[in-house]
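Participant: Structure in structure tokens, see below.
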């Protein structure tokens, strides 16, 4: 067990993929528990795998986080188990999990005297707050907030990932450096927060804020719009994920203002094409970097993202969508077995 949790990235990532596959099965069975698995369980595994490794590296922490990792892993498993009998308790347990995660992140930052990643700790704390709201008074709209909180955290993490992958793509050009635009990222996050507030209190204006998010994320694409970058498969896929996030939010805003019947489809599209796609992208990129292998996507990896994007688009064809999503997840799991 020590071997698994000392190098836990693979365990957490594969568990996240398996959780999503379980969610697909429950979705096909028309059991509402799939929403909880997709929005709460799968991301919890994913962020534990990535952030516990990344924060340790970013903040020069050399001691083992074995006890933290094993506690987090079994807390998530217990929350999943409880969700079949007492969903309320699952929200409470996950609330404790996210609060503990935020405290661990903050501890690593304060110990290092570097608060550059404080936004990550705040994001984790916001997860805790919503879990508490769901525990105290379950409401579908509180649950939907988790989609947007995930996208906020993924925008923050994606900013760091883009810095790495773009500079990898530029390594053949002497003295070329990629610096992503933090203003676009911060504006997108700001408008997502405004959207969430409007969604809770005044839905008549929430659509406008969703459109604003989409437009800002569209603007963010220009930093990657160079042939030298886009010819690398990993940059091109990141570009597509960002593009679909922009389309998703813009479409969500249009649906809320004019086409309410299509709103559920757009939420599913946003989740699959942005949240799931970004998680799988992080899994693939960080597993290669962690294994000190060349950052290069195989044909099977490219196909997995094609299948995932098609599953996001084909929301009205449930069984085909499920088949494509499971195919994408299985390919990702196969790739993850190579993490050292």
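Each Cβ is built from the backbone N, Cα and C atoms, and glycine gets one as well.
Reproduced below are the annotations present in TrEMBL:
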TRANSMEM  12-31  transmembrane segment
TRANSMEM  37-54  transmembrane segment
TRANSMEM  66-85  transmembrane segment
TRANSMEM  91-108  transmembrane segment
TRANSMEM  115-136  transmembrane segment
TRANSMEM  148-170  transmembrane segment
TRANSMEM  182-201  transmembrane segment
TRANSMEM  236-259  transmembrane segment
TRANSMEM  265-285  transmembrane segment
TRANSMEM  305-331  transmembrane segment
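Let's see these features in context: how buried, what's close, how far.
Facilitator: Within the chain, the transmembrane segment (37-54) has long-range Cβ neighbours (under 8 A, six or more residues past its boundaries) at 8-13, 15-17, 19-20, 22-23, 26, 65, 68-69, 72-73, 76, 79-80, 83, 90-91, 94, 97-98, 101, 104-105, 120, 124, 131, 143, 146-147, 150, 153, 157, 160, 271, 275, 279, 282-283, 286, 290.
A Cβ distance under 8 Å defines the sequence-distant neighbours of the transmembrane segment (66-85), meaning residues of its chain 6+ beyond its ends; these are 1-2, 5-6, 8, 11-12, 15, 19, 33, 36-37, 40-41, 44-45, 48, 52, 93-94, 96-97, 100-101, 104.
Cβ atoms under 8 Å from those of the transmembrane segment (91-108) belong to residues 40, 44, 47-48, 51-52, 55-56, 59, 61, 65, 68, 71-72, 75-76, 78-79, 82, 117-118, 120-122, 124-125, 127-128, 131-132, 134-135, 138 of the same chain, restricted to positions at least 6 beyond its ends.
Within the same chain, residues 40, 47, 51, 55, 58-59, 88, 91-92, 94-95, 98-99, 101-102, 105-106, 109, 142-143, 145-146, 149, 152-153, 156-157 sit at least 6 positions outside the transmembrane segment (115-136) and bring their C-beta atoms closer than 8 Å to a C-beta of that stretch.
Long-range neighbours of the transmembrane segment (148-170) within the same chain, counting only residues 6 or more positions beyond its ends whose Cβ lies under 8 Å from a Cβ of the stretch, are 39, 43, 47, 50-51, 54, 119-120, 123-124, 126-127, 130, 176-180, 182, 185, 188-189, 192-193, 195-196, 223-224, 228-229, 231-232, 234-235, 238, 241-242, 245, 270, 274-275, 278-279, 281-282, 285, 289, 295.
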Participant: Give residue numbers and ranges for long-range contacts of the transmembrane segment (182-201): same chain, 6 or more residues beyond its ends, CB-CB under 8 A.
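Facilitator: That would be 141, 144-145, 148-149, 151-152, 155-156, 159, 209-210, 212-213, 216-217, 219-220, 223, 249.
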